[in-house]
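What follows is one structure encoded as structure tokens, with my remarks underneath.
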Amino acid sequence: MVQSAVLGFPRMGVNRDLKKATENYWAGKISQEELLTEAKRLRLAHWKIQKDAGVDIIPSNDFALYDQVLSHIQDFGAVPERYTKDGLDTVDQYFAMGRGHQKGGVDVPSLEMVKWFDSNYHYVKPTLQDNQTFKLSASPKAVVEFNEAKEAGIVTRPVLVGPVSFLHLGKADRGQSVEPIDLLEKLLPVYEELLVQLKQAGAETVQIDEPVLVFDLPAKTKAAFKPAYEKFASLGDKIPKLVFTTYFGDIVHNLDLVPKDIYAVHIDLVRNPEQLETVIGALGPQTVLSAGVVDGRNIWKTNLKRAIETVESAVQKLGKERVIVATSSSLLHTPHTLASEKKLDAEIADWFSFASEKTVEVAVIAKAVTEGPAAVREQLEANAKSIQARATSPRTNDPKVKERQSKIVAADYNRKSEFPARISSQQAKLKLPLFPTTTIGSFPQTKEIRLSRTKLTKGEITAQEYDSFIEKEIRDNVKIQEELGLDVFVHGEPERNDMVQYFGERLDGYAFTTHAWVQSYGSRCVRPPIIVGDISRPAPMTVKESKYAVSVSSKPMKGMLTGPVTCLRWSFPRDDVHQSVQAEQLALALRDEVVDLEAAGIDVIQVDEPALREGLPLRSGKERDAYLKWAVQAFRLSTTGVEDSTQIHSHFCYSEFQDFFHAIAALDADVLSIENSKSDAKLLGVFVDSAYPRHIGPGVYDIHSPRVPSEQEIKDRIEEMLQYLKPEQLWINPDCGLKTRQWKETKEALANMIAATKHFRAKYTK
Ligand SMILES: Nc1nc2c(c(=O)[nH]1)N[C@@H](CNc1ccc(C(=O)N[C@@H](CCC(=O)N[C@@H](CCC(=O)N[C@@H](CCC(=O)O)C(=O)O)C(=O)O)C(=O)O)cc1)CN2
Ligand code: MET
Ligand SMILES: [Zn+2]
């Protein structure tokens, strides 16, 4: 028979239960035991959902209290010494690596956290030493959780990040020069021991994730697959059978690296359906194919007929015993269940499938292929009806939007003058000091703010009461910035639930949800709005708040927008229209907003594009060039409608610009603020090499951690930056927005930032 498999399930729970438990634990409101009990309850609940859906192969060890890669770091004994030396217990040590720890005399910053491939999920980077050793934990999480499921009567397939991916996704610690992949030989015994333990516990198969196979890999990484998987093959029956798992791209360019005698290979057939035949052709004679046909990255109902056809074409070549029907990737990137959405329009809700619904889809597809379509006729008929209804719905189509798109001309992509002329008219108006200080937009989203928004939604306060509450928040934010002595103010974004969802809720062509949370990092979640049709702006979206902010401020006030590419990437996009078309529609809506802000007296406008980098196709080549072309055009289209004297800022939460710097330069933004505090200032070298003429604010401190950076630390960062950037180019700001922080640490950190800036201002002003 054809079996069904899920590669991973979201772990937050139906009501973000895990978020609440971890945050309560951090706040000292619940004990560690209570946290672990809640985590166990969630794991069991999630296994049960999959079992009830009829899924044959259910994952374990897909759970994590903070991040699954971080769990591996700990289980492999790859914890840097700074986290072990103070005697924190295992759980606190784990969180210290995830988010830093500044309590009871212990003061350690977090490890670096970066985007997981091209998704909005973040993982913690394995951070390795020149003399790195590895040692398997006494009770490895994968074994513990396998046993836990077994006790509940569910035999699961444990998920591990494979050794090559673990190392390739890691880096050398600051001051170390080790190339992680060189540590393979030292790492393999740990995998061996773990796999043996899993086998002894009763695991028949293990999902071993090697998603780095979708990249263009350096020779050394490529060369690591062979010894790693030969080693595993040599262990024979002592370890479970391995499902070599890839996702988010095709593996055709790396097919020779797929182990021939492996039990099974998983490929993502949602992203790259065309790889099917080639991959089948290259499989070993016994190897099973796990066909990822149910999208782990989006929320559209699977076209069951099409998925069944795909799976059947594999079955024809391999036979039923050698095909598994699976989700394309872990379902971590989709919300828990559609059943929680009580407010969605019924017509539109019928088009969606969230994680719980997707588990049913895999089971239905497997049954249809195993027993024939008659066995699931009702489900297939209902599905065909939904697919047809969406394809023909007038709600997806707006001729006015299309007409406007057809009228875009070349001049719409250009500012009136080049940067030198623009910056002098901006400077004449803004009169900023050397090293202008600013923040990235958001200030702490306090409990009070969130509660008052909840009250508005529930009708417990009026829109007017809510608006005046927001105005008070803006006034408070302005006052705080005045007291701190910042140079360019922000209104603080108190009215925004999220920088993308907020715009989704105000644009036509979007649907939005009440409970469809997806984990972004640690305990932080987002509710990506859903693009269902052509996008347009029925009314200004941010002008009221920005205008108010200007009216109560004594300094320049930045208007704050989320750029078209980021709106697209952090939404669930349509799958029936190319992403470039959706980005262009967003750009036109934002262009109108930018022009309206300018007319309302906002002289500085920031258009955030933090997701531009993550959207970069994972492999270099034609696809990347095409993406960068439309992404840059969308940004330019949204920002070029203003006068020279209006200053356009953009913000990026990453600093590794090397592979696409030309695109960053092509945005032609007057000022860029970028995340930089965790990276080597060397990365700023690209700005020097290309004689980048415009202004840059590399972040001087990390905002993901509650830890307060000292004035000296910030001075050191600025000093480093000045080795690369000209003083008149440099802005001083944090890495990113401050919404996840508390006020106390925010004020302390900004005060240190300003003190450090004053030191350099005095030094450089003659
Ligand atoms: N979309 C997106 N992606 C992003 C980022 C981002 O800002 N947005 N930033 C980067 C890092 N990722 C982040 C992702 C989320 C959060 C974040 O703060 N999320 C909040 C939720 C934000 C939100 O939607 N808030 C709503 C709902 C708040 C809420 O929880 N309300 C309570 C009731 C109020 C209470 O008791 O607190 C409830 O609904 O139960 C609002 O403010 O209106 C969280 O997890 O806590 C921060 C960074 C990269 N990707
Ligand atoms: C993830 S980028 C965030 C930018 C946004 N303006 C903020 O400050 O929150
Ligand atoms: Zn940011």
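Note that Cβ sites are derived from N, Cα and C of the backbone, with glycine treated the same way.
Residues Ile440, Gly441, Ser442, Glu493 are given by TrEMBL as L-methionine binders; from Asp295, Asp608, Asp625, Asp644, that same site also lists Asp608. Annotated 5-methyltetrahydropteroyltri-L-glutamate binding in TrEMBL involves Lys19, Asn120, Arg524, Cys525 plus, out of the candidates Trp26, Trp47, Trp570, the residue Trp570.
Each of Ile440, Pro610, Phe652, Tyr654, Ser673, Ile674, Gly699, Asp735, Gly737 belongs to the same chain as His651, Cys653, Glu675, Cys736, is absent from that list, and has a C-beta within 8 angstroms of the C-beta centroid marking the Zn(2+) 1 site. Proximity of the binding-site residues Lys19, Asn120, Arg524, Cys653, Cys736 to ligand 3, judged by a Cβ distance under 6 angstroms to any of its atoms, singles out Cys653, Cys736 in sequence order. Compute the center of the Cβ atoms of Ile440, Gly441, Ser442, Asp608, which mark the site for L-homocysteine; besides them, the chain residues with Cβ within 8 Å of that center are Thr439, Val490, Glu493, Met499, Met560, Gln606, His651, Cys736, Gly737, Lys739. Rounded to the nearest whole angstrom, the C-alpha distance between Cys736 (Zn(2+) 1 binding site) and Ile440 (L-homocysteine binding site) is 5. Proximity to ligand 2 (Cβ under 6 Å from any of its atoms) holds for these binding-site residues out of Asn120, Gly441, Cys525, Asp608: Gly441, Asp608. It is 18 Å from the Cα atom of Arg524 (5-methyltetrahydropteroyltri-L-glutamate binding site) to that of Gly441 (L-homocysteine binding site). Taking a Cβ distance under 6 Å to any atom of ligand 1 as the criterion, the binding-site residues Asn120, Gly441, Arg524, Cys525 reduce to Asn120, Arg524, Cys525.
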